[in-house]
Amino acid sequence: MSTIWIAIAALSALALAFGLVLGYASRRFEVENDPIVEEVEAMLPQSQCGQCGYPGCRPYAEAVALNGENINKCGPGGEAMMLKLAEKLNVDPQPLEGDADVQAPARQVAWIDESNCIGCTKCIQACPVDAIIGSTKAVHTVVSDLCTGCDLCVAPCPTDCIELRPIAPTPANWKWDLDTIPVRVIQVERHA
């Protein structure tokens, strides 16, 4: 019985010693991160889709914060996220595609033709934001509120039953073209 207690005490002392050494090493060799990079990364949608030309949201955040990369390359974040980045970094807002003459594309979401879906789950595995629900050998469907339109689920589908479709306009996502609305000032005559 005493050998068990000796073994427990020895392992506990060893664990304590390793814990102290690792704790000291983590404090001593800590790498300082740029807080601006952390804030920019927190603002990005974290879909890791690669539409910006970088392998994920962290490298894009580093390029924006440290190298002055354009803030208009994140497709899933859209115009709202670009405006937040512009305000945070004190830069001028940029058109989403980088060209003022090009109209920003309508937001699209994945759509699954459920009559052709074989339930292989390849699209579920490819989706970085878990916007596709379903199980093996069952029909899958897309939760359009979660879908970022990154297009990563389309290629793995063996039956080509997934396509991107534009979102139908609703009062929540409608963009008013304020330039075409005529504004007239009507003079009011006051009678005494």
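Cβ coordinates are placed from backbone N, Cα and C, and glycine is handled just like the others.
Annotated region 'Hydrophobic' per Swiss-Prot: 1-26, in sequence order. Taken from Swiss-Prot, the feature domain '4Fe-4S' applies to 32-91. Residues or ranges marked as [4Fe-4S] cluster 1 binding site in Swiss-Prot (evidence: sequence analysis): Cys49, Cys52, Cys57, Cys74. For 108-137, the entry in Swiss-Prot reads domain '4Fe-4S ferredoxin-type 1', with the evidence type sequence analysis. The [4Fe-4S] cluster 2 binding site annotation in Swiss-Prot covers Cys117, Cys120, Cys123, Cys157, and the record cites sequence analysis as its basis. Taken from Swiss-Prot, the feature [4Fe-4S] cluster 3 binding site covers Cys127, Cys147, Cys150, Cys153. Look at Swiss-Prot and you will find 138-167 tagged as domain '4Fe-4S ferredoxin-type 2'.
Everything Swiss-Prot records as a feature, shown here on the structure.
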residue : record                          : Cβ within 10 Å
Cys49   : [4Fe-4S] cluster 1 binding site : 20
Cys52   : [4Fe-4S] cluster 1 binding site : 23
Cys57   : [4Fe-4S] cluster 1 binding site : 24
Cys74   : [4Fe-4S] cluster 1 binding site : 25
Cys117  : [4Fe-4S] cluster 2 binding site : 18
Cys123  : [4Fe-4S] cluster 2 binding site : 24
Cys127  : [4Fe-4S] cluster 3 binding site : 24
Cys147  : [4Fe-4S] cluster 3 binding site : 23
Cys153  : [4Fe-4S] cluster 3 binding site : 23
Cys157  : [4Fe-4S] cluster 2 binding site : 21
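Residues 45, 47, 49-51, 75-76, 106-132, 173 of the same chain, all 6+ positions outside the domain '4Fe-4S ferredoxin-type 2' (138-167), place their C-beta atoms under 8 angstroms from a C-beta of that stretch.
Put simply, Cys150 is the one of the binding-site residues Cys117, Cys123, Cys150, Cys153, Cys157 whose Cα lies nearest to the Cα of Cys74 ([4Fe-4S] cluster 1 binding site). The two recorded residues Cys120 ([4Fe-4S] cluster 2 binding site) and Cys127 ([4Fe-4S] cluster 3 binding site) have their Cα atoms spaced 13 Å from each other. Ranked by CA distance from Cys147 ([4Fe-4S] cluster 3 binding site), the binding-site residues Cys49, Cys117, Cys157 have Cys49 at the top as the closest. For the binding-site residues Cys120, Cys150, the greatest number of Cβ atoms within 10 Å around a candidate Cβ is found at Cys150. DSSP assignment over the domain '4Fe-4S ferredoxin-type 1' (108-137) gives 5 helix, 7 strand, 18 coil.
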